[in-house]
Amino acid sequence: MINNHPIREKPKHIIFNLLSLIFFLIFLSTVVSSQSPSYTTHKTQRLTETKTIPELIIADLNLTILKVNLASSNFSDLQTRLFPNLTHYERCAFEDCLGLLDDTISDLETAVSDLRSSSLEFNDISMLLTNVMTYQDTCLDGFSTSDNENNNDMTYELPENLKEIILDISNNLSNSLHMLQVISRKKPSPKSSEVDVEYPSWLSENDQRLLEAPVQETNYNLSVAIDGTGNFTTINDAVFAAPNMSETRFIIYIKGGEYFENVELPKKKTMIMFIGDGIGKTVIKANRSRIDGWSTFQTPTVGVKGKGYIAKDISFVNSAGPAKAQAVAFRSGSDHSAFYRCEFDGYQDTLYVHSAKQFYRECDIYGTIDFIFGNAAVVFQNSSLYARKPNPGHKIAFTAQSRNQSDQPTGISILNCRILAAPDLIPVKENFKAYLGRPWRKYSRTVIIKSFIDDLIHPAGWLEGKKDFALETLYYGEYMNEGPGANMAKRVTWPGFRRIENQTEATQFTVGPFIDGSTWLNSTGIPFSLGF
């Protein structure tokens, strides 16, 4: 065990001023944090006599930014002092927190700017605040002993006062998110006559053409070829050469071949598009895993943060294998990211839909345990989900969604998909129990709609997490599915399980309402339907 060092003392007058501001603004924000509608409405009316709720939220977020800067400074100081004695995993955990705190400041500044804008979009701001709450959860996960039971390289315990700062940031964000819900107005769901469209509106006409066109007809900006016939031989070099903070599409063509590298697209690499030669032809492969000392957040073969990322005709593979525990093939925290005809190949934790709004069309996802997980608002449409053969004695869970508050507009929606056994599981599927999902956090939300569910799924359908955790607060729903595994006669009887019986309830999880697909998918060029 590494000794815990005290956090460096700050000048007393700075602490006094900061605490004064904190107590004042926390008082304002907690006034509207009650879950009682009548109480909230009454207090909101009183507060808006002097300040509008957006102004209160801005004040709360500016306070939160101060706290994030304090947390970042303390994490950095602590990392510097402890670095020689930290394990590789512990260094990863510190790096994750510092990076996520930087992302937190970036997203909060965007939210403040948006709240001051005349074209205020409450849905976008709700998503930003939810993203930031997810960053705090991810930071603390890295230091959680319960999440690191696969090996013994987590010997350092984060000081309680630093944990409290992160939790306090989350509480502030929770208050802000709830205040936002008080004044936001949901857009009406599209009518059935309006949803049968080919593309969502957040994809531009140019991006639509890019996705429809064969690669030889695509005007790409850079090319990568392992045989030396492109601009670069590695994907990382091409990403480094791409512009920062681009507002227009930047296309990187990755010629067929196997590329053995871990690729990270930071937040500044926006509007990047990867185009390959097809599943199994353009393959990006690596093998980082939790067992080998990497944090789950750093295991991805490809990780993306910059907004507007698109991938087409590529295989993303983590080849660590079933014995290596968490080993992510792809991680997306890219808002308005979209994937078309891609493959995600791994075992445990294959596809990390970490945060923001995402869309997957005609993709193949392979895995064993929790192989689609995270807290994005994500829709899988016309895709195939394959359970692979796990280690002996393990149970298969297709999803592990991590929504942490009822106000968060996140969840996993599986629409018009196929839920199947992979070829290696088919001969032995009677030896393993497979489930549609299990809860990662208290308000976990996953729905299966108009999909084919094969006979590998256990009649109960869904798997408990730890004992009775989240069984009353989760939202797991099924609607108009087909196949031998779709029979709900013996499904779980948890309070949070829904046998969805009307189209209105199911419609809220389609592309239009759930990820605001009408506002951004058109620009990606990926075919989609806003409704069923």
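Glycine residues also receive a Cβ, built from the backbone N, Cα and C atoms like all the rest.
Going by Swiss-Prot, these are the annotated features:
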- Asp370: active site, nucleophile (ACT_SITE)
- Thr296, Gln326, Arg438, Trp440: substrate binding site (BINDING)
- Asn62: N-linked glycosylation site (CARBOHYD)
- Asn74: N-linked glycosylation site (CARBOHYD)
- Asn85: N-linked glycosylation site (CARBOHYD)
- Asn172: N-linked glycosylation site (CARBOHYD)
- Asn221: N-linked glycosylation site (CARBOHYD)
- Asn231: N-linked glycosylation site (CARBOHYD)
- Asn244: N-linked glycosylation site (CARBOHYD)
- Asn287: N-linked glycosylation site (CARBOHYD)
- Asn382: N-linked glycosylation site (CARBOHYD)
- Asn404: N-linked glycosylation site (CARBOHYD)
- Asn502: N-linked glycosylation site (CARBOHYD)
- Asn522: N-linked glycosylation site (CARBOHYD)
- 35-169: region 'Pectinesterase inhibitor 39' (REGION)
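Taking Asn231, Thr296, Gln326, Asn404, Asn522 as the recorded positions under consideration, the smallest Cα distance to Asn74 (N-linked glycosylation site) is found for Thr296. In the three-state DSSP classification, the residue listed as 'active site, nucleophile' falls within a strand. When the alpha carbons of Trp440 (substrate binding site) and Asn404 (N-linked glycosylation site) are compared, the span between them is 9 angstrom. Of all the recorded positions listed (Asn62, Asn85, Thr296, Asn404, Asn502), Thr296 sits in the most crowded Cβ setting, with the most other Cβ atoms within 10 Å. The local packing around Asn172 (N-linked glycosylation site), expressed as other Cβ atoms within 10 Å of its Cβ over all shown chains, amounts to 26.
Around the Cβ of Asn221 (N-linked glycosylation site), a 10 Å sphere holds 18 further Cβ atoms from the protein chains shown. Calculated from their C-alpha atoms, the gap between Asn502 (N-linked glycosylation site) and Gln326 (substrate binding site) amounts to 37 Å. When the Cα positions of Thr296, Gln326, Arg438, Trp440 are compared pair by pair, the longest gap among these substrate-binding residues is 18 Å.
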